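J.: This is the structure I have questions about; it appears just below.
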Amino acid sequence: MSFRDPVPLAQALIRCPSVTPEDAGALDVLAGALEELGFACHHIRSATGGPEIRNLYARLGTEAPNLCFAGHTDVVPPGKGWTVEPFAAGIDQGRLFGRGSADMKGAIACFVAAVARLLEDGAPKGSLSLLITGDEEGPAVDGTVKVLDWLAARGERIDCCIVGEPTNPRKLGDMMKIGRRGSLNCRLTVFGTQGHSAYPHLADNPIPRLLDILRRLTEAPLDEGTPHFQASTLALTTVDVGNPATNVIPAEARAGFNIRFNDLHSGASLERWIRDTVAQAGGEVEIKVEVSGESFLTPPGALSDALAEAAFEVTGLRPELSTSGGTSDARFIKNHCPVVEFGLVGQTMHKSDEHVSVADMEALTEIYRRVLVRLAAPS
């Protein structure tokens, strides 16, 4: 297999049906390719969150700076509606099909190909590494965080990182991510007293109090945004009383909502606001809050500049520096080093007939190679 061409490696990875938490041999395929290029590969296993998860850390070189590429080989289930086999990795009309082609086995293969091309000119300056997890699409408790802990215990550090998520909405070169909004989920349960709907004065209906709480939470914007972040949002995701009867006032009323928040807030500050707002409505209310990630921003600098210039040279487009979208494993890496996200076009990720353009794969390989030349060119 020629590693300077990203397509064969991408096909080999896609043919491993690595639906979270299964690895299905994907990391062995990747490690084999990296070992042929001279990388030292380490397999890190963890099972604190359930089934054992396999992760891979591979490094070429021992000196600083250490430029890392982070990604994942696990994929979401294929689901229904495919017109091709989801793990066959077939090519049709210049498009590589398969679950994980966009998110994100294609980008992993592109980075490996970029490294292979760089090595044709000699050993890189400093070190190159790959941090690849099998637990990004799942709970994300046994993946990237565990590898970062393992690195810290060894005294190894990453100096900057590219995450190969499919950041481009329409065309390669559209967008890179320099941060992400945080995400908070809240479940409210308002307690009352059940009773007959003909005698409401003998019951304590929790529904009006729940509606009052939701009105208080949603009546004003959380903020107006910042130069790099859109305004924070609160989206109601469920309202439920679990009451099929038409003549019974329920004893409980429940609601759930999700907040996507910018760097004007933290999970802790939003939880305080929620609890203070709920308290104003009175009554007995249970509040459960889960923060799956804090907001973060990597200010524009050497890494984003190198990526933007490389993308412009290859595609003619200057990527928008964005913080939109959901969370990614960059939320863990940002505690260790500057991190940006840039990969293939994400229009079909998680959809049936997921695919990427073979031409885009060649272009992304060249973008990554030019970034490596700027930041890690052989002396």
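The backbone N, Cα and C atoms fix where each Cβ goes, and this holds for glycine too.
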J.: Among Asp92, Asp103, Asp174, Asp305, which residue does Swiss-Prot annotate as binding Zn(2+) 2 together with Glu137, His350?
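T.: Of Asp92, Asp103, Asp174, Asp305, Asp103 joins Glu137, His350 in the Zn(2+) 2 site that Swiss-Prot records.
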J.: According to Swiss-Prot, Asp103, Glu165 bind Zn(2+) 1; which one of His72, His196 is listed for that same site?
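T.: As annotated by Swiss-Prot, Asp103, Glu165 share the Zn(2+) 1 site with His72, chosen from His72, His196.
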J.: What is the Cβ neighbour count of Glu136 (active site, proton acceptor) at a 10 Å cut-off, with all protein chains included?
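T.: Excluding its own Cβ, the number within 10 Å is 23.
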J.: Sorry to bug you, but what's the C-alpha spacing from His350 (Zn(2+) 2 binding site) to Asp103 (Zn(2+) 1 binding site), rounded to the closest Å?
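T.: One finds 8 Å between the Cα atoms of these residues.
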J.: List the same-chain residues at least 6 positions away in sequence whose Cβ sits under 8 Å from the Cβ of Glu165 (Zn(2+) 1 binding site), in sequence order, or say none.
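T.: Looking at Cβ-Cβ distances below 8 Å from Glu165 (Zn(2+) 1 binding site), excluding near sequence neighbours, one finds Gly71, Asp103, Met104, Ala107, Lys177, Ser328, Ala330, Glu341, Phe342, Gly343, Gly346.
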J.: Using the recorded Zn(2+) 1 site (His72, Asp103, Glu165) as reference, state which further residues of the same chain have their Cβ within 8 Å of the centre of those residues' Cβ atoms, listed in sequence order.
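T.: Result: Gly71, Met104, Ala107, Glu136, Glu137, Val163, Gly164, Pro166, Ser328, Gly343, Met349.
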